[in-house]
Amino acid sequence: MGHSDGEHVHEGDDLSADDSSWSDGVWSEDGDEESLSFEDSGEGSGSDGESDEAAAAEESDSSEDEVAPRNTVGDVPLEWYKDEEHIGYDIDGRKIKKRDREGRIEAYLRNADDAKNWRKIYDEYNDEEVQITKDEAKIISRLLKGKTPHTNVDPYPDYVDWFEYEDKGHPLSSAPEPKRRFVPSKWEQKKVVKLVRAIRNGWIKFDKPKEERNLYLLWGDEADTADNKRHGLSYIPPPKPKLPGHEESYNPSIEYIPTQEEIDSYQLMYEEDRPKFIPKRFESLRSVPAYEKALREGFDRCLDLYLCPRTRKKRINIDPESLKPKLPSKKDLRPYPKTCYLEFKGHTSPVKSISVEISGQWLASGSCDGTIRVWEVETGRCLKVWNVGGDVRHIAWNPSPDRPILAAVVGHDLLLINAEVGSEEMQMRVKDLLKIDEMAPQDDTDDKKPAVRWMKHEKLDGITLIHQKAVSNVEWHYKGDYFTTVVPTGDTRAVLLHQLTKKHSHHPFRKLPGLPVAATFHPSQKMFFVATKKFVQVYDLQKAQLVKKLESGLREISSISIHPGGDNVIVGSKDGKLCWFDTDLSTRPYKTLKIHSKDITRVTFHRKHPLFASASEDCTAYVCHGMVYSDLNQNPLIVPLEILRGHSSSDGRGVLDCKFHPKQPWLFTAGADSVIRLYCD
């Protein structure tokens, strides 16, 4: 690119304030001679004699001006002398000592007082500090700015057109580029198609690479071959047989030959401790007999080559403590029940079932002595006793606070009685609810015998639901109007639903996959859970269809409990295992805990606190922390907390039932020793 007449381009340098002495000069253009000339400016532009002397000094190649390097090691890397006290040798063979490097603090103090410190650099090759000159600093500064190192170089010279335009009409064509330069050639395409067709038909054959012969060293060390090195560090060469020594010689020295006493002592040793070979002496090699163990040792050698593991197992050093799951501390998970605070005594036979009123003020219990008792939780006194005349297998308190009604399984039938707690107005409403003048409408069957008959209980002023077979379990709906009973049979009437207000019963299932063990309602939705001996089936009551089928993998399910959120289920088994199901995650157990040595009789969740418990025939009750998170990506946290003991065994039975307090972190346990215990924090 050229410059117009009179245009000057100045290139300065920002190295120092007095930069005028190092100015780059001015480019000027002579219009008459059409030539370029460089004019120096500033103090550096002296006479012509001075400039000639400076040019001569720059072009001087005298070896006297050059300083020989101190390091004479040549092309040897200086890293080799990293740990040595010298960096080479001089012409006389003496070591060139390294200069003592001063500390950082001394270097900082020395450089703080030195105004020319910024112009000093460390020459690692010669182990010395070198001070750069102003010209060198100027070159470095220009290079950092992206300019040419010398000022007399023009990075943008004038364009010289080498074409002569005189007497030429049109030296260059201004026609546009033809289309054929942008469109693929049809001729080349046809040629490629012919070549592809010839290759496919086999007319054009390529030379196959020659297979190299697989050569190996017959007597060489296998560990040094290139093929074995490709295996990496995990390769293990085959075991080498031990080379013979002096003992295996046919004419060994006398000190290698054992005495007769030593030979006799070998017979007293174990076979694995005996020496494999006993040296003997022969006069000549011809008199040496055949080796009797040659065939056996050859066979063992083949076994070593065939059965020896040829890979090295990577051993990982892992601390056993690091394999344990990182669980939070028990102090951070409080409150939870751990101490026996109160005992409820009054029953004379094993207490099979207990239930806590929704407010937490009253506790109901049923025993094999034929009585139902209502206790005051805070004081432990017995408020009411009913003699029902049969074993009370199960008892459940109505979850509605306005309906203090107890549902108890007595013998083969179900009994609904007024608990007689609360205000007089509330008791009057309960009595009206439990009135049944005529025979209530029965099970919705056509010509078969009804499965349930609603009859009035004259003695206790309640209702008796007479079933065809023995009832084992009863559970209330969370609204308090519906309840379910389980009859462990294989027919369609094994699980029944009842409505208290209409005194109506019906069987919702035509077929079950096995004998039902327990049934319960969803805490907030219209879902119904039925536990058989192997599976847990989840039904939608509104759509009347099966939603999920949970596979427990247990020997036999004994009890079931639903988390207040409704998405998690725990089941207990008769082999001492507890399974936690996350219904949103899978139909298989999320966790299986082997915590009891005998049958689990009851499992239960707490309504408000993240706690669940299990009772067993081994006279213990386990309390565990079970936190369920709202984040679906985070799995539930299960931490065992406490083992509650205190109940004694009776006829081989231990803790028969357990229930949490509705509001407080308290646990009630009922045992075969006819005692009810309250555990608090």
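Here the Cβ of each residue, glycine as well, is placed from N, Cα and C on the backbone.
Positions annotated as compositional bias 'Basic and acidic residues' by TrEMBL: 1-13. Here TrEMBL flags 1-79 as region 'Disordered'. The compositional bias 'Acidic residues' annotation in TrEMBL covers 27-42, 49-66. Per TrEMBL, domain 'BOP1 N-terminal' is recorded for 81-337. Under the heading repeat 'WD', TrEMBL lists 344-385.
Sequence-remote contacts of a segment are chain residues at least 6 beyond its ends whose Cβ falls under 8 Å from one of its Cβ atoms, and for the repeat 'WD' (344-385) they are 391-401, 404, 406, 408-410, 417, 419-421, 650-651, 653, 656-664, 668, 670-678. In the predicted model, the domain 'BOP1 N-terminal' (81-337) has a mean pLDDT of 81. The helix, strand and coil residue counts that DSSP assigns across the repeat 'WD' (344-385) are 0 helix, 24 strand, 18 coil.
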